[in-house]
Amino acid sequence: MSGDHLHNDSQIEADFRLNDSHKHKDKHKDREHRHKEHKKDKEKDREKSKHSNSEHKDSEKKHKEKEKTKHKDGSSEKHKDKHKDRDKEKRKEEKVRASGDAKIKKEKENGFSSPPQIKDEPEDDGYFVPPKEDIKPLKRPRDEDDADYKPKKIKTEDIKKEKKRKLEEEEDGKLRKPKNKDKDKKVPEPDNKKKKPKKEEEQKWKWWEEERYPEGIKWKFLEHKGPVFAPPYEPLPDSVKFYYDGKVMKLSPKAEEVATFFAKMLDHEYTTKEIFRKNFFKDWRKEMTNEEKNIITNLSKCDFTQMSQYFKAQTEARKQMSKEEKLKIKEENEKLLKEYGFCIMDNHKERIANFKIEPPGLFRGRGNHPKMGMLKRRIMPEDIIINCSKDAKVPSPPPGHKWKEVRHDNKVTWLVSWTENIQGSIKYIMLNPSSRIKGEKDWQKYETARRLKKCVDKIRNQYREDWKSKEMKVRQRAVALYFIDKLALRAGNEKEEGETADTVGCCSLRVEHINLHPELDGQEYVVEFDFLGKDSIRYYNKVPVEKRVFKNLQLFMENKQPEDDLFDRLNTGILNKHLQDLMEGLTAKVFRTYNASITLQQQLKELTAPDENIPAKILSYNRANRAVAILCNHQRAPPKTFEKSMMNLQSKIDAKKEQLADARRDLKSAKADAKVMKDAKTKKVVESKKKAVQRLEEQLMKLEVQATDREENKQIALGTSKLNYLDPRITVAWCKKWGVPIEKIYNKTQREKFAWAIDMADEDYEF
């Protein structure tokens, strides 16, 4: 193209004085030649280029017509001046077009093509060509046609590349800033991606920033779909037999269903317990037909083996499911969750905790519960009480059924309730722990505990004075309060004998639950506690107490039998009334919450070293948490897989130690080479080996910390205190102060539950 231009230029200079018509013919030939070349390129380009071609042709026609009229006018001098100006513009345009062609070529090499922009031809041609030395490369002038230019279409493949890069970076969790900021401004996709997380944040209901409802009002609008009932019983296949006294016996559907509950637990320890077997057989017979009752009279003659094997095979089959089958089940569960797992409360979508009704089965209980083995009957719609607002759509019961009752009580937080048949207790469907109602309750609980901090010294002085009271009732109350404060004991509720497991709290302690030691293990005035607490978890502790407490306990135990109450003049009602007099809202649980939270805060201050790395700080946190769990007696049985997991962890530690030893040998060898060689390459090798050793040392330390943590916590339940007794703002403040990621302490569910604390607390927060 550039050669043709030079040839044309020289031709114009040589024939400058020739006839006007000849000049125009040459000029048009040149123009047509260029136009043909552009036409070839444009066949590959998009519709926009075609549009430019049509504009080009139109401009040529206009030019010809204008030429004719101007020649007819005969104003040749004026005409010549104009052509001088036009020729200048033409030369500039040709230069720009030549550079544009080179640019297009380069862009094609880079993986995308940009259609050449053909400008409209000038209205007239000139005859004067300026000297070559005056011609300078210029930027492409912007004219009206450029306003139609759309860079978004040209950079289509750029956008695709950028999208792909962004996706790859998001997968790695490292979203980098784009190198070319101008491109980002033109391309809308990345901007949309950046805005998505912000939208998610906006959707989170920051209820703690809103004005609270009047006392007692829990909500103003509540709508939900009701509960999901347990699926109906599916009879066993004919190939699965039940035997009684060695003979096959076909059971009625109701009797068979209850028999399957026992068969599923056949290998469990429960089915060997006499009380479990007795309660089960009694309730099973209630579901039998008269004929079955006459035949089945002894549980020991019943053979549930085939039933048990059938359910084991089903469990194994579920484990062996294909990915497609598992995905199908997951999708069905998600569909169910989407429909029934959420409610609308005060124009906000809130998650429901337990929207499924518990299926029928056998009651287990904790410890040696007197009712273990009894039949938990199937809950029907006729047992259900629905709670929603008056202006909400009442959920529809299953076809052929109706609800027991529909209420509109906005002073309670439950959505659905029913009464279970074992102990006659009321069961509820409630909102998820991350909901506003649950969050407000937690916040209020910790604020009450903080109020106790202001008057706890006064209360302690008061009960110390009461140890010397002339009234036995006051002395017993003061000693009980001392135990609740110092040992974080629960108050203990009064229970009907034979109805529940024999668990006790502070007020219900019996003489048999404590032993007094004037001196034990080098300590004076030691009280030895041994009783079953909540959930039949054993509380065993040896505690040195103040002398006056010890003397009072000796007095309380005088002339009493082991089964007699230690605090015979005290009950939970009397104690709670006294606590309310000391501070509004004060209960034994508030004392537990206060002591747990204050212990965590003190332990974190003592155990956290500023120069420790993150894993060491997390170990310090878990040790502080464990101190609280021990105080609150949050125990657990060691996991069944504990020994195996510890062996696996130890083998990892041993392997890491070997790797570290090898790395240290390599470093030593590299240092020796560096002393001899004394060049830059060997120095780099030494630095590389040093970094490898440091990395392995860190990895080994993490594994050792993990092993220590597991061993120390194998019988301690850290989660109970973390979720229920520790003010989360203490943890959040500690994380922010020491740069520990909150994800290392709280999992996703816990972060949702404590969103209010994470948003509210800063590093200077004090309980």
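Cβ atoms here come from the backbone N, Cα and C positions, even for glycine.
If you check Swiss-Prot, you get these features:
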ACT_SITE  TYR725  active site, O-(3'-phospho-DNA)-tyrosine intermediate
COMPBIAS  1-23  compositional bias 'Basic and acidic residues'
COMPBIAS  40-110  compositional bias 'Basic and acidic residues'
COMPBIAS  131-168  compositional bias 'Basic and acidic residues'
COMPBIAS  181-201  compositional bias 'Basic and acidic residues'
CROSSLNK  LYS103  SUMO2 cross-link
CROSSLNK  LYS105  SUMO2 cross-link
CROSSLNK  LYS119  SUMO1 cross-link
CROSSLNK  LYS136  SUMO2 cross-link
CROSSLNK  LYS150  SUMO2 cross-link
CROSSLNK  LYS155  SUMO2 cross-link
CROSSLNK  LYS160  SUMO2 cross-link
CROSSLNK  LYS166  SUMO2 cross-link
CROSSLNK  LYS174  SUMO2 cross-link
CROSSLNK  LYS206  SUMO2 cross-link
CROSSLNK  LYS338  SUMO2 cross-link
CROSSLNK  LYS644  SUMO2 cross-link
CROSSLNK  LYS702  SUMO2 cross-link
DOMAIN    434-767  domain 'Topo IB-type catalytic'
MOD_RES   SER2  phosphoserine
MOD_RES   SER2  N-acetylserine
MOD_RES   SER10  phosphoserine
MOD_RES   SER59  phosphoserine
MOD_RES   SER114  phosphoserine
MOD_RES   LYS174  N6-acetyllysine
MOD_RES   LYS282  N6-acetyllysine
MOD_RES   SER508  phosphoserine
REGION    1-201  region 'Disordered'
REGION    490-495  region 'Interaction with DNA'
SITE      ARG318  site 'Interaction with DNA'
SITE      ARG366  site 'Interaction with DNA'
SITE      TRP414  site 'Interaction with DNA'
SITE      LYS445  site 'Interaction with DNA'
SITE      THR503  site 'Interaction with DNA'
SITE      LYS534  site 'Interaction with DNA'
SITE      ASN576  site 'Interaction with DNA'
SITE      HIS634  site 'Interaction with DNA'
SITE      LYS652  site 'Interaction with DNA'
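Swiss-Prot feature annotations superimposed on the structure.
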residue: LYS206; record: SUMO2 cross-link; CB count, 10 Å: 13
residue: LYS282; record: N6-acetyllysine; CB count, 10 Å: 13
residue: ARG318; record: site 'Interaction with DNA'; CB count, 10 Å: 11
residue: ARG366; record: site 'Interaction with DNA'; CB count, 10 Å: 14
residue: SER508; record: phosphoserine; CB count, 10 Å: 22
residue: ASN576; record: site 'Interaction with DNA'; CB count, 10 Å: 15
residue: HIS634; record: site 'Interaction with DNA'; CB count, 10 Å: 21
residue: LYS644; record: SUMO2 cross-link; CB count, 10 Å: 10
residue: LYS652; record: site 'Interaction with DNA'; CB count, 10 Å: 15
residue: LYS702; record: SUMO2 cross-link; CB count, 10 Å: 17
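Shown are the recorded positions TRP414, TYR725; of these, the residue with the fewest other Cβ atoms within 10 Å is TRP414.
When Cβ atoms from all protein chains are considered, those within 10 Å of THR503 (site 'Interaction with DNA') total 21, not counting its own. The 10 Å shell around the Cβ of LYS445 (site 'Interaction with DNA') contains 17 further Cβ atoms across the protein chains shown. Of all the recorded positions listed here (LYS338, LYS534), it is LYS338 whose C-beta has the fewest other C-beta atoms within 10 angstroms. ASN576 (site 'Interaction with DNA') sits 14 Å from SER508 (phosphoserine), counting Cα to Cα.
In this structure the alpha carbons, written CA, of LYS534 (site 'Interaction with DNA') and ARG318 (site 'Interaction with DNA') are 35 Å apart. HIS634 (site 'Interaction with DNA') sits 11 Å from TYR725 (active site, O-(3'-phospho-DNA)-tyrosine intermediate), taking the C-alpha atoms as the reference points.
Model confidence over the domain 'Topo IB-type catalytic' (434-767) stands at 88, taken as the mean pLDDT rounded to a whole number. LYS338 (SUMO2 cross-link) is 19 Å away from TRP414 (site 'Interaction with DNA') when you measure Cα to Cα.
Candidate recorded positions: LYS206, LYS652, TYR725. Nearest to THR503 (site 'Interaction with DNA') by Cα distance: TYR725. Separating the Cα atoms of LYS702 (SUMO2 cross-link) and SER508 (phosphoserine) is a whole-number distance of 46 Å.
Among the recorded positions listed (LYS282, LYS338, SER508, LYS644), LYS338 has its Cα nearest to the Cα of LYS206 (SUMO2 cross-link).
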